[in-house]
Amino acid sequence: MAASSPPRAGELLAEARRAFREEFGAEPELAVSAPGRVNLIGEHTDYNQGLVLPMALELVTVLVGSPRADGLVSLLTTSEDADEPRRLQFPLPTAQRSLEPGTPRWANYVKGVIQHYPAAPLPGFSAVVVSSVPLGGGLSSSASLEVATYTFLQQLCPDSGSVAARAQVCQQAEHSFAGVPCGIMDQLIALLGQEGHALLIDCRSLETSLVPLSEPKLAVLITNSNVRHSLGSSEYPLRRRQCEEVARALGKESLREVQLEELEAGRELVSKEGFRRARHVVGEIRRTAQAAAALCRGDYRAFGRLMVESHHSLRDDYEVSCPELDQLVEAALSAPGVYGSRMTGGGFGGCTVTLLEASFTSQVMQHIQEQYSGTATFYLSQAADGAKVLHW
């Protein structure tokens, strides 16, 4: 059985150029790409100032375009999963008139980055967006689009900010224009991904360190449950609030500062549900540090065990899994050659990530598909590079 073979960046670039020529009657002058990501471990820890261990994917968003002199932004997406309309036009923001989120929802990510972009003067532009990152699959199609937009704007009007500052602009765009109070992980990995490496991110200090992930005998399998979720209207903001409430009750700025022993000692100060939410986060931060160390020393069995512990904690304490994700994880763990498997992303649908011996890949996919009550889509990805300017 074969994994889905999404188009490579070169094919997406050709599609984007073709669509741009059809829409705007000229060849685009600029092209950029930014990847999706899979988080290997460290779930729902980023907005708690914890540790995360994502890798950038070969699934990317490509944005091509050209500046224009009339102060307008004209956008087109070729994504069939994006909400209508697929094309729209709006004026650049001014001191008197800010951009506002609206419909289509996909364009809000672009608008948000434009609104918060720190350099000036920004010209109007025409652009086409093409992406192989599945929408709502927990692989961060949103940050991929935000970072692609930011990288494109840099070509039109260079900025002088740090990588962390760029990530924060994209994060702010998601907060204010998509209504999702996300952490900074997705934007940082989309900017800083490096081929053959995962990236350990400290979401408190924003320090990053590369963790080797290029062992040829190893495979990272992403399984999409094809259950769609929309985080903005779901339980995500509630989980964030619960974590903040527990930290406050314990007199801490964030759950990053809380040890498991302190949480146990302060159990009476928080609700039962709040305790479970915090127990997940505090344990997950510890697991992520242990997992990065295991990967560095090539101990894939230890890494796999930590992945499974993470899934159980997300299912039982954080309660963001769902029957489909649990089914996919159980199926993977009952297949040969699998080190570990867990849900990844915000939850309530989306994807699982499985670490396995590469030689068992076809067998494992076949087994999962047979065991799963829905229809799964598989992606095999190497750890890839972050955002880049494309040339042809």
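We count from 1, first residue shown onward.
Quick reminder: no glycine exception, Cβ is built from N, Cα and C everywhere.
Feature annotations, courtesy of Swiss-Prot:
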- R37: site 'Transition state stabilizer' (SITE)
- R37, E43, H44, D46, D186, Y236: alpha-D-galactose binding site (BINDING)
- D186: active site, proton acceptor (ACT_SITE)
- S230: phosphoserine (MOD_RES)
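Taking the features listed in Swiss-Prot, we show where each one sits on the structure.
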residue : record                             : Cβ within 10 Å
R37     : site 'Transition state stabilizer' : 33
E43     : alpha-D-galactose binding site     : 28
H44     : alpha-D-galactose binding site     : 26
D46     : alpha-D-galactose binding site     : 22
D186    : alpha-D-galactose binding site     : 28
Y236    : alpha-D-galactose binding site     : 22
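According to DSSP, R37 (site 'Transition state stabilizer') is assigned to a strand segment. A distance of 13 Å separates the Cα atom of E43 (alpha-D-galactose binding site) from that of R37 (site 'Transition state stabilizer'). E43 (alpha-D-galactose binding site) falls within neither a helix nor a strand when secondary structure is assigned with DSSP, and so counts as coil. Counting only the Cα atoms, the space from R37 (site 'Transition state stabilizer') to Y236 (alpha-D-galactose binding site) is about 19 angstrom.
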